[in-house]
Amino acid sequence: MQDSSETKAKAIQQMFSEIAPRYDLLNRVLSLGVDRLWRVAAVRAALEKNPSRILDLATGTGDIALLLKKVAPEAEVIGGDFAPPMLELARQKALKAGLEVPFVEADALRLPFPDQHFDAVVIAFGFRNFADYHKALVELYRVIAPGGRLCILEFPPPPRSGLGVLYRFYFTRILPIIGGLVSGSAAAYRYLPDSVERFPNPDTLANMMSLAGFATRYQLFTGGITALHIGDKPGPTPASRVARTGESDPDEPA
């Protein structure tokens with residue numbers, strides 16, 4: 001008999017597999033392109049300690065993994081996700097871009113990697129979909145090397161003032177309609193605002209990360225619509241074997 005977390009995981013896996021072909025287009029349209037800037041902030045934070053081995057977990061179609069490889073070409077970058085159709089699209093994008101990034105099927109609660117394997121792990125808009133946040137954080141702590149870093153970019157519940165009021169209306173009333181029409185899966189885009197409303201607020205997530213062993217801080221973007229949590233695992237910073245490119249970075253998020 002499956003427990004509730006396994007049932008939730010299977011339902012979410014199926015849902016994201018169904019919307020995979022339109023996933024990139026919807027991200028751009030529904031965020032008005034701002035999601036690119038948020039992702040750049042997460043990549044910068046992940047590369048701050050010059051990691052040599054990086055995991056992009058819940059990689060989706062591979063945007064973060066490919067950006068990491070472009071900015072830090074000598075780093076070993078791996079993309080992991082539990083939706084095979086997403087991984088196939090990520091592999092196609094890597095091939096087209098001429099970037100050597102392996103994409104593997106990975107369950108956040110049972111990661112297929114040895115202890116202390118990564119210097120950095122990035123999760124962009126995927127942590128919210130994990131069936132058990134505490135178990136995921138314990139597993140992430142296991143695979144991150146001492147001195148390594150966890151970066152979680154996520155939608156917290158929108159603020160109930162200022163820009164958050166407008167965004168909440170857009171997120172709950174407009175987004176499900178547009179997302180359903182474009183993707184063909186109205187359920188997926190009803191799930192999105194519901195999952196955001198149920199997600200821990202930034203302080204609560206920071207406390208959860210701290211309880212898992214990370215020294216944690218966070219930064220809010222775009223009026224509190226998005227939060228970037230950074231958790232450092234105690235220990236010496238891993239020695240860098242990464243040579244950065246001279247390529248200029250995109251603009252930082254507002």
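All positions are counted from 1 along the displayed chain.
Backbone N, Cα and C atoms are what each Cβ position is placed from, and that goes for glycine too.
Automatic prediction, not curation, is the source of TrEMBL annotations.
Of the listed candidates (ASP81, ASP115, ASP119), TrEMBL assigns ASP81 to the same S-adenosyl-L-methionine site as THR61, ASP107, ALA108. Ranked by Cβ neighbours within 10 A across all protein chains shown, the binding-site residues ASP81, ASP107 are led by ASP81. Within the same chain, the residues at least 6 positions away from ALA108 (S-adenosyl-L-methionine binding site) whose Cβ sits under 8 Å from its Cβ are LEU57, ALA58, PHE82, GLY126, PHE130, ALA136, GLU139, LEU140, listed in sequence order.
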